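**Student:** So TrEMBL lists the following for this protein:
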type     : residues : note
DOMAIN   : 59-485   : domain 'Major facilitator superfamily (MFS) profile'
TRANSMEM : 57-77    : transmembrane segment
TRANSMEM : 97-117   : transmembrane segment
TRANSMEM : 124-142  : transmembrane segment
TRANSMEM : 148-173  : transmembrane segment
TRANSMEM : 185-204  : transmembrane segment
TRANSMEM : 216-236  : transmembrane segment
TRANSMEM : 270-299  : transmembrane segment
TRANSMEM : 319-340  : transmembrane segment
TRANSMEM : 352-375  : transmembrane segment
TRANSMEM : 381-407  : transmembrane segment
TRANSMEM : 419-437  : transmembrane segment
TRANSMEM : 457-479  : transmembrane segment
């Protein structure tokens, strides 16, 4: 019990007692001045998340840097793909496996790290994963030409590090910010996807040109990855889960992994938006690996560039595609977040509607880009720019949807589930599928059919984009109810029930 305080210091001491859990000294009575000073000090220095506002900003910057490195490394291979095909003597099907094995390991390990991320220190998990990713990426650059399977193995192991990061990082941002501020920070975080992807093409092609050897292109990101580990350990601070939302994690009872999965599968907004994002992953995965090679083959077919018979190959198309990816990605993510913000003033269904609009608008421009490839390179690049801009509109919005329709203690698991499903049906198989269809359509090994078969195969992406838009339109039907249910609940066994204002006062 707390000792009674004097009448003069009653109000100040009450704040003191509440803030310091009724602490009193047996020697000195609580001083009103000291109480007020301590009260204000704690109020400023210890926000609900346990992380100061300045450190929260630095945390987001470090997470963005690491996310940029992840995507930069992922698409460096695509930037030098013609050299890799020539070096190992592989066809389109085997080339597609380079992306598929990476995505498969990334996909299957995501639930493991999602489970760990909801229960253990997230900073430690990410640090170990990124360190491992850096070492394995460096090792992949030393594979001799007769051991293509070893290159596939190391690219698969790279997925271990990325799974440890991608499932966890957005949940840290969610525990640092809420509402509009969270959307803004997630937009900044997801800027790293198109920017990192574009830099992968740019750095890969330029390092290949300068060194005259594609292996050096894979040695850039490992060094930066080790820098990222140091920043992660010394700059990032683990926030309290759910505390920023006035629902500290100790009030949110943890359920089993099976219980988490059952709850997620009963969440229509989460499931439908995940299928919509799967379409995005399918299209971006296909374009990411095959677009530079497709543009190169179109130039060879029209006689604008010589064929790649002996390396190093002409990588200018990778450079141009990388620049387009960076610029269109920045515009797409920024415009998507801004349009969504403005539309929220009119309808609570704004987020899924903007995602649907982006996919439905990207489909015709991607179709025109593929069709015009042999007729007008300039028109092709313009259509690619427009298609990628609309495609990028949903990156930050999809992440925000997940965070506000899923409760804090299940977010890393939900991130992992979304990664598994979107990659399983999306970019895990799409690069290999596109390459396989291209090989099956190829009637001869002429430059004409090398280009034409890949062109026909890539047209699949436009129809998948339309299907993804339909899933986001369906999400709009459930988004209001699911958002309200996630914001107002208490755990009751394995089920979540709404908590009304009246029940709090009973």
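Keep in mind that glycine also has a Cβ here, set from the backbone N, Cα and C atoms.
TrEMBL labels come from automatic prediction, so no person has curated them.
Give me the local environment of each listed feature.
**Tutor:** If one looks beyond the transmembrane segment (57-77) by at least 6 residues along the same chain, the residues whose Cβ comes under 8 Å of a Cβ in the stretch are 51, 84, 98-99, 102, 126, 130, 133, 137, 155, 158, 162, 165-166, 169, 172-173, 176, 185, 188-193, 195-201, 203-204, 217-218, 220-221, 224-225, 228, 231-232, 235-237, 288-289.
Beyond the ends of the transmembrane segment (97-117), by six or more residues, the same chain brings 74, 77-78, 81, 84, 125, 129, 151-153, 155-160, 162-164, 166-168, 171, 257, 285, 288-289, 412-417, 419-420, 423-424, 427-429, 431-432 to within a C-beta distance below 8 angstroms of the stretch.
Sequence-distant contacts of the transmembrane segment (270-299) (same chain, six or more residues past either end, CB-CB distance under 8 Å): 74-75, 77-79, 81-82, 85, 95-96, 98-99, 103, 197, 201, 264, 305, 308, 313-315, 317-318, 320-321, 352, 355-356, 359, 362, 366, 370, 373-374, 377, 380, 384, 388, 391, 394, 398, 401-402, 405-406, 414, 417-418, 421-423, 425-428, 430-431, 433-435, 447, 450-451, 454-455, 458, 460-461, 464-465, 467-469, 471-472, 474-475, 478, 482.
Among residues of the same chain six or more beyond the transmembrane segment (352-375), those with a C-beta under 8 A of the stretch's C-beta atoms are 269, 273, 276, 279-280, 283, 287, 294-295, 298, 301-302, 332, 336, 339-340, 343, 381, 383-384, 386-394, 397-398, 401, 451, 455, 458-459, 461-463, 465-466, 468-470, 472-473, 475-476, 479.
Same-chain neighbours of the transmembrane segment (381-407): 170-171, 174, 182-183, 186-187, 189-190, 193-194, 242, 252, 264, 267, 269-270, 273, 276-277, 280, 283-284, 287, 291, 320-321, 324-325, 327-329, 331-333, 335-337, 339-340, 351-352, 354-355, 357-359, 361-363, 365-366, 368-369, 372, 414-415, 418, 465, 472, 475, 479, 482-483, 486-487, 489, 496, counting only residues six or more beyond its ends whose CB sits under 8 Å from a CB of the stretch.
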**Student:** Excluding the flanking five residues on each side, which residues at least 6 beyond the ends of the transmembrane segment (419-437) place their CB within less than 8 Å of a CB in that stretch?
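**Tutor:** Residues 91-100, 103-104, 106-108, 110-111, 114, 163, 166-167, 274-275, 277-286, 288-290, 453-454, 456-458, 460-461 contact the transmembrane segment (419-437) from elsewhere in the chain.
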**Student:** Can you work out which residues elsewhere in the same chain, 6+ from the ends of the transmembrane segment (216-236), have a Cβ less than 8 Å from its Cβ atoms?
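**Tutor:** Apart from its flanks, the transmembrane segment (216-236) reaches 55, 58-59, 62-63, 65-66, 69, 72-73, 76-77, 79-80, 123, 126-127, 130-131, 133-135, 137-138, 140-141, 161, 172, 203-205, 207-208.
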**Student:** For the domain 'Major facilitator superfamily (MFS) profile' (59-485), report the average pLDDT of the model, please.
**Tutor:** 84
**Student:** Name the range, of those listed as 148-173, 319-340, 457-479, that has the largest tally of Cβ pairs under 8 Å with the transmembrane segment (185-204).
**Tutor:** 319-340
